[in-house]
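S.K.: Input: one structure, supplied below.
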Amino acid sequence: MITHTSYAVEPWALRERGLHLDVLPQSESVFALSNGHVGWRGNLDEGEPHGLPGSYLNGVHEVHPLPYAEAGYGYPESGQTVINVTNGKIIRLLVDDEPFDLRYGLLRSHERVLDLRAGLLTRTCEWTSPAGTTVRVRSRRLVSFTQRAIAAVAYEVEAVGAPARIVVQSELVANEQLPDHDGDPRAAVVLESPLEAEEHFAKDGRLRLVHRTRRSGLRVGAAADHVVSGPEPTTTESEATDDLARLTVATVLAPGERLRVEKFVSYGWSGTRSLPAVSDQVDAALAAATSVGWSGLVAEQRAYLDDFWARSDVEVDGDEKIQQAVRFALFHVLQAGARAEQRAIPAKGLTGSGYDGHAFWDTETFVLPLLTYTSPGAVAEALRWRQNTLPAARDRAVQLGLRGAAFPWRTIEGSEGSAYWPAGTAAFHVNADIADAVVRYTSATGDERFERDTGVELLVETARLWRSLGHHDHHGTFHIDGVTGPDEYSAVADDNTYTNLMARANLRAAADAVERHPLRGEELGVDEEESTAWRDAAEAMYVPYNHELRVHEQHAGFTRYQRWDFAATRPDQYPLLLHFPYFDLYRKQVIKQADLVLAMCTCSTFFDAEHKARNFAYYEPLTVRDSSLSACCQAVIAAEAGHLRLAYDYLHEAALMDLEDLEHNTRDGLHIASLAGAWMALVAGFGGMRHHGARIDFAPRLPEQFGRLAFTLELRGRRLRVEIGRAEATYTLLNGDPLTVHHHDVPLTLDADKPHTRTVPLLEPRPAPDQPLHRRPNHLDAPES
Ligand code: BGC
């Protein structure tokens, strides 16, 4: 995208000059607005042309049967798919009887700007209709962070040079026609007309449509209200049918005159509330929005984001592209999680229907770390969502013959939605990832209430799962057999190192948590014997190791497999999953995404420096990065192992995944985990941040492309600023009680407002390991070292 000549590199905005229909679907994703509850893709106001129209409400989905050629016991019977709900963005324009459609007439100028500080998408254009009438259109759009049911548009049209007869149609549209599904398993199953009409209403510029999904039975309400100002006479008319509610505004503009339509849209949905209750809910939300008006919403949005940037901004000197990309990433991760409030944070956020709108382990492993240190409240909410889905996870465990809870691999509402069990149900590590997120959040915030009310239960139920899934062999060693780790080019293998180490941490954390909260433990039925069994399993956990190569094995026996024939694999055969059968990928040494390397990030203290370097060197030439979740982990370990140039290249890939559409599927929605991974690559990679229990470590080391890197973290109610230069790093505690951190292993006790500066040790450059043929990270225009 930003390599496209029309995209500018600037620090606080994403700007597109001109309109390029060849990248329209991608632009709809990068210009998407969301607050985690409501999501609007960056579709043009007039609705067409479009790549994929998209308006989403977090949690609103339809269910569909999962067809199996050969069904088996315990296969999930139904899948869930996010649906495109009522579109409140649409504002059509008629200029002297001709529709404003940029495919016709003459587009004199067109610009879209996503302002990351204002939280506004602005579009300005000048267009001459085929009949020769010229108008200037300016629209601004927001999805409110402060009023989570609300989105709004301020739309202005001006006549240029000659009078123009103008008609504006502001609409709510349900059951929009969607483009066909392209057969890529990562794209969404398209459900035609998922909404059944229940109510329509239109009067004096107020519009409302209420629908119900056919099978999942969710009631979805959308309402709109308008403020219109134009020259006399300007007439308005409101009308509604089942799937369309419309306000029509007509006027004649003299040259230089403007018509302005402010549109406030509210959304609400429920699986239980009645029709009148949902109608009232959307009307009430609208009343709150119209009471502050457009300028009020804009001011609230700015204040919310000022706050966010003060605690979250990452500054990168010397690399404008990365600077823009990391702010773009932070903004979109905030959008995905800010107001999700006890709903999932899907892999694509609310920016597209890719992966059917499902949430995966991506949330806990990639997205929540960033949010933990920048917007911790959102993390507590995301984990409460997991807690709310415990009944489904317990049922699933029972169905699988296990104890505790088996959280789903992919889901919207909590039940397992993966029809492919080797890379779904068998990927049990999601349970330990949730536990890890609980531990990280509680140690970063000290939120005891959360730990007692939510954390303990999640830890206990996941520990129970591990205890029942694994077993002690006759030597007493604990094994977890037949599971799939993060790398989806291996499946159903024994003793996946990542899984075992994460399960070990999970078991210990559960035993520790019930010790701290004995009453809660009792309520959950945990006795001494059970928590001792967790500790025993943790102590006896097997970690496979190849003594000859002196590397840890991704799973038992992995290093014995035949290597994938990379030399015979053409560049156009990536991603491999679209060109080769899984059975062959599974039995070869080829890695889709960081697995053992991820274990070295999340369970950092288990590995010494020598093993980190050797393991990294072993797994690099096997890792093809067919998942966008890989580069950021590789960046962290590359930096730790001293390969700063390689770490920089991986950061580039993670941060620019969507801005440069590196996987060619940004049209389906953004890769939220990869965007969060860009933060990880900077903070954990070049900042060397590790957080284990009470200890917080930094080991800063900058690549030569950067002059300075600065970031801010929220830690136990305090704010810490870290500023890393080429030779020195400065730590400043901005408020609160003293805090101890480690700089390259040396403890530093920080008092508020007293910066401490330390030298950054010089790193011996070492030759970096190779990657598989054709799979070197994308250097693009970064200078070669
Ligand atoms: C990755 C998974 C990930 C999913 C959703 C897949 O390609 O292999 O690890 O959870 O995408 O992002």
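Keep in mind that glycine also has a Cβ here, set from the backbone N, Cα and C atoms.
Annotation source TrEMBL lists active site, proton donor at Glu488. Per TrEMBL, the feature substrate binding site maps to Trp361, Asp362, Lys592, Gln593. The feature domain 'Glycoside hydrolase family 65 N-terminal' is assigned by TrEMBL to 16-270. What TrEMBL lists as domain 'Glycoside hydrolase family 65 central catalytic' is 327-680. Per TrEMBL, domain 'Glycoside hydrolase family 65 C-terminal' is recorded for 689-750. Per TrEMBL, the feature region 'Disordered' maps to 758-785.
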S.K.: I need the CA-to-CA distance for the residue listed as 'active site, proton donor' versus Lys592 (substrate binding site), whole Å please.
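M.R.: Rounded to a whole number, the Cα-Cα distance is 6 Å.
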S.K.: Under the DSSP assignment, what numbers of helix, strand and coil residues are found in the domain 'Glycoside hydrolase family 65 C-terminal' (689-750)?
M.R.: 0 helix, 39 strand, 23 coil
S.K.: Write out, in the order they occur in the sequence, the residues of the chain not among Trp361, Asp362, Lys592, Gln593 that have a C-beta within 8 Å of the mean position of the C-beta atoms of the recorded substrate site.
M.R.: Phe360, Thr365, Pro486, Asp487, Glu488, Ser627, Leu629, Ser630, Ala673
S.K.: Please name the residue among the recorded positions Asp362, Glu488 whose C-beta has the most neighbouring C-beta atoms within 10 angstroms.
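M.R.: Result of the Cβ crowding comparison: Asp362.
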S.K.: Based on the record's binding annotation for substrate (Trp361, Asp362, Lys592, Gln593), what whole-number value in Å is the widest Cα to Cα distance?
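M.R.: With Trp361, Asp362, Lys592, Gln593 as the binding residues for substrate, the largest Cα distance is 16 Å.
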S.K.: When DSSP states are folded down to helix, strand and coil, where does Asp362 (substrate binding site) land?
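M.R.: In the DSSP reduction, Asp362 (substrate binding site) maps to helix.
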S.K.: Around the C-beta of Trp361 (substrate binding site), how many further C-beta atoms are within 10 angstroms, looking at every protein chain?
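M.R.: There are 23 such Cβ atoms around Trp361 (substrate binding site).
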S.K.: Which three-state DSSP class does Lys592 (substrate binding site) fall into?
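M.R.: DSSP call for Lys592 (substrate binding site): coil, neither helix nor strand.
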